[in-house]
């Protein structure tokens, strides 16, 4: 028998349907009837027939026709909203598409599994789990470690030993011993009281990352959760039942208590949850619709679910992976700009970078050579100015290896810290099964990821700062020798004038966001937790800075491609022509002014999906594998001893010299 979960004026009602031929209108009337039945005053109505209503699907808010048959219009166990005439949409009803969902592909239930052991999760793995590309299972070794850890907790309960967080209160209440008959209530109260975050909910993708990372940490076997409960958490993840987790409220020690409590709250059947099937709804109904039961917490399990740095680390993981992707592509975008501005490749000579051998600097210089080597990839644009009177380029072109290079090295440093944090036990107290005891410590403190993510924001921001200056050079006719703002009939058309302003605004905003949050601390929990990391804000603002970098480079990419239009029929190198073709597949050239924001977003999407890298990477790697000799073309302004000797041979001797 099909059944539907119907939301009417803040209440959720389970409505069974014996006949799929019944209509949407019948479902609405039956839901209203049940709603009236539960109200002492019949909800203010005298009869069901007088109530006028509309029926929406919760998923996507699609309006349903009252005459449609239920078996055609809805799926079994689907969630719907009945909006009564005169009412607005119920105030506690949350749209089923939170902000940020557009960043990733639509959810499709994955077929592949990733086995978590608590020791080997990578940043790329976690991002893919967030995107819904894998389900989760535990390794057999992880299952055994979890069971052994739980046996220690069971012994503590049996022997009535006083242990923090298991048989005592929390924080300032650490010395308050809890009676044995209230230990389960203690854990539920912990989750409820600590679910005190505010702000917008995490997107489903980010909530998946958060939940997956918490599962990985629990799989290490140092938290004392039971295998039964952990498997219930995994089942919720695999069904994509995701709790409402507000983005604000963590100070980053003792761990990310507020967001992780919201995560646990949904798992125990309270608060809101989201799934692709239901959209947002009460957690108990979302779980039930997927054949799952709310978790019944055992002693220590509430604490095991909420104590750790997983909010900081999961958001930081996304920031890190996106920073890595945009840093690679920034080299390609900058190389394209250098071609348009008729810059020289002399500054990327291997000897220059060999005497200052920072790894990132050397790699960036190599990428520029692989993309701009006109002898290997003939460039008509480069040949058009090979012999010119320009001695050297501006810093924004000449110093790309040094500026972009340190960003790459920063990302590598941060990745090492975040990868360690992904596979670290950050609970308190820690359960050591091999010793048969628990030990209180401070692994929950988020200083490591907080400091690393502050550093990431500072480092990656510089890609946008230097990109904005290159956009200025492209738009300024006195610097580019191109039409002002890269458009014909300037004055009638404004071209990239305000797109450049947008880039400047993003760079300026990021400067404020680069102020480290981890230099701040406030004492909390009655001075028990008297130093905190503020890592949650470090992670969130790192993500915002990375997004700004992507958007600024999207504008530069469009500007550089537009600049090429004014150099035609000359062509650039093969890999850069491929990048140009990629951009033109989604954004046409500007002949005159048009609505520009969608084009910026289209270019942003190319960078976000790493399409620019995918196009250029084969040429970069081929150049690397073939060990192509470096070409060093001479120009009248290039000084060398060899050229000096040649010139000396042509100077006639004179008695006066």
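Using the three backbone atoms N, Cα and C, a Cβ is placed for every residue, glycine included.
On a predicted model such as this, the values are computed, not experimentally measured, just so you know.
Looking up 167, 524, 637 in Swiss-Prot shows the phosphothreonine annotation sitting on 637. Scan Swiss-Prot for phosphothreonine across 161, 309, 396 and the hit is 396. Among the candidates 195, 525, 648, the residue that Swiss-Prot annotates as phosphoserine is 648. When the neighbouring Cβ atoms lying within 10 Å are counted for each of the modified residues (254, 396), the highest count belongs to 254.
Between the C-alpha atoms of residue 254 (2,3-didehydroalanine (Ser)) and residue 396 (phosphothreonine), the distance comes to 43 Å. DSSP gives residue 396 (phosphothreonine) a helix state.
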